[in-house]
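So that we are looking at the same thing, I have put the structure below in structure tokens.
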Amino acid sequence: MSSAVLAVGLALLSALLFAAASAAQQSVAEDVPQERAQGLAFLRVLVTQPRWWAGVLGDGGGYLVQAAALSVGSLLLVAPLLVASLLFALPISAALTRRRLSGRTVLLASVLTAALAAFLVLGRPDEGLDSAPLRQWLIALVPAAVAACACVVWARLASGATRALLFGTAAGVCFGMSAPLTKAIVAVGADNLLALPLAWQTWALVVTGAGGFYLQQFAFQSGDISASLPALIVAEPLVAALCGSVVFNERLRVHGAQWALIAACVLVMITTTVGLARSQAASEARA
């Protein structure tokens, strides 16, 4: 079995685990009243729910499988495949919350998934490097961190589906930063496990991972999963792909007019994500 095929299989399994985890956590978080969804008090409510803990275990399993995928494949290969979690999560969430998915939601989710799949097929990402100097990391991570903070500030001023979309985007950016850090840590651990506690990437991963998880809970509390998860799923692979290009010198094997197709795929991703959030907002208005 080639490393690329193994990476694809592991990435899809990771997507399934993340989907089940997201659906479980969202079904609990959305029932928390807005007045209790503040700071640590919000987490204290969540930790009393067994279903939420099942979601946490799913996230942990998904992360470990993702790390295994990144050990044999590039960020530009693994990250886009995680979009499959959207198609897994929407029906799982609908079953848990006893809601029906609208035809529009299914159509938009399918188009979003197709766009990301096309991005992957057209781009044909290469492997790149396993390590990079700190300067390259800063070029990639600092703008991403600023973008995540801006989304959080905006989300605190918004409500409903818009709030869910913005918190989901911020969480996705954090998880997107976590992916290259994970790849770097896997490489460090392969050489010397004892070096992991001393590597700055380990502690940066703790910050981005915990931050993404925390923001994800606010996204789930703010609205239906069709408003928050698409934003998270688009932001994560895009940020991870950017980091893979800047930090590890991974490249898309694209030439000439193919760049127009890649740009079209990205535009479709953004458009369908906004469309899913608006579809949810319309559903909330009719409720």
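Easy rule for this one: first residue shown is 1, then count along the chain.
Just so you know, glycine gets a Cβ as well, placed from its N, Cα and C.
Annotations per TrEMBL:
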- 1-23: signal peptide (SIGNAL)
- 63-89: transmembrane segment (TRANSMEM)
- 101-122: transmembrane segment (TRANSMEM)
- 134-157: transmembrane segment (TRANSMEM)
- 164-186: transmembrane segment (TRANSMEM)
- 198-215: transmembrane segment (TRANSMEM)
- 227-247: transmembrane segment (TRANSMEM)
- 259-277: transmembrane segment (TRANSMEM)
With the transmembrane segment (227-247) as the reference, find which of 63-89, 134-157, 164-186, 259-277 contributes the most Cβ pairs under 8 Å.
164-186
Can you work out whether the transmembrane segment (134-157) touches the transmembrane segment (63-89), with the criterion being 3+ CB pairs under 8 Å where the paired residues are 6 or more apart along the chain?
no
Do the transmembrane segment (63-89) and the transmembrane segment (259-277) come close, with at least three CB pairs under 8 A (pairs 6 or more apart in sequence)?
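No; fewer than 3 Cβ pairs under 8 Å.
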For the transmembrane segment (259-277), I need the partner stretch with the highest count of C-beta pairs below 8 angstroms, choosing only from 101-122, 164-186, 198-215.
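Selected stretch: 101-122, with the most Cβ pairs under 8 Å.
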